[in-house]
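Have a look at the structure below before the remarks.
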Amino acid sequence: MPPKNQPPKNKKADEKKKQEALKDRTFGLKNKKLRAQIEKNILGGSSTQHQQKKKNEDDDLKDMSKIFKPVAKTSAQQNVSADVDPKSVLCVFFKQGMCTKGNKCKFSHDLSIQQKTAKKNLYVDSRSLPNEEETNENWDEKTLEDVAEKKHGEKDRKRPNQTDIVCKYFLEAVENSKYGWFWECPNGDGCIYRHALPKGYVLKKDRKKMEEQTRLSKISLEEFIEKERSKLLDKELTKVTFDTFITWKKKKMKEKRQQQLQSEREKLASFKSGKQ
């Protein structure tokens, strides 16, 4: 005989009984691990279903965060450099389908513009705009002084315990060409040392250039001799050989003896005349 059709179990009633049994078993129980074990034993499959449901909800939440991640990371207001035409830049909010400004938006809503480069604003001279990402590597002394004055001058003068000693971190940054608009002192805003180069200070890189120029400006002894010899090439002079040198030497020795004899005669004549 085929089995009789059994009436369907009331799931809500079973769940209610399990919850009541769980409440009775865990009443006043403070041990969390034991409580979780009892809950697992009593609820059984329902606990597994609850965990699976929670996992699905977490997965959905992650998917939603991935969808809106580009918008979340976008700044509240899209900005471009002053020398760039905004209409040549695609609106990031329009790209995500979230721009509410419509035709009033100063940025472009043309998706094909992504393939094009940003156009320069013809009414702004980009040379007059400060490049805040650059460092002092290619700055001259005047530019370095101006930037240091704008960044630190007013703060340093207003600080009551300010000293005349130059901050070592500032000096290291300048010497290593790492100082710029975005440079921040490791000592923070409370640094009591000056953030400006002392008057007449010469950077190491400039000092090396000066030393190299001084070295190149000096000539060696050999170069000096060759230079002086070149001046004599146009004159008719006797070539120096061994024979000419001996002749010249004898002549000089003879002249020296004559000078000595003349000096002795003058002394003898002076003595005879009574002059001491």
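Placed from the backbone N, Cα and C atoms, the Cβ positions cover glycine too.
Quick caveat, the model's predicted, so the values are computed rather than measured.
Here TrEMBL flags 11-27, 54-63, 139-158 as compositional bias 'Basic and acidic residues'. Annotation source TrEMBL lists domain 'C3H1-type' at 85-112, 161-198. Per TrEMBL, the feature region 'Disordered' maps to 1-28, 40-63, 126-158. Per TrEMBL, zinc finger is recorded for 85-112, 161-198.
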Per DSSP, what is the residue count of the zinc finger (85-112) in each of helix, strand and coil?
12 helix, 2 strand, 14 coil
Counting each residue once, how many in the compositional bias 'Basic and acidic residues' (139-158) are helix, strand and coil under DSSP?
18 helix, 0 strand, 2 coil
How about long-range neighbours of the compositional bias 'Basic and acidic residues' (139-158): same chain, 6 or more residues beyond its ends, C-beta under 8 Å?
170, 174, 179-181, 183, 189, 194-197
Per DSSP, what is the residue count of the compositional bias 'Basic and acidic residues' (54-63) in each of helix, strand and coil?
10 helix, 0 strand, 0 coil
Could you give me three numbers for the domain 'C3H1-type' (161-198), the DSSP helix, strand and coil residue counts?
8 helix, 3 strand, 27 coil
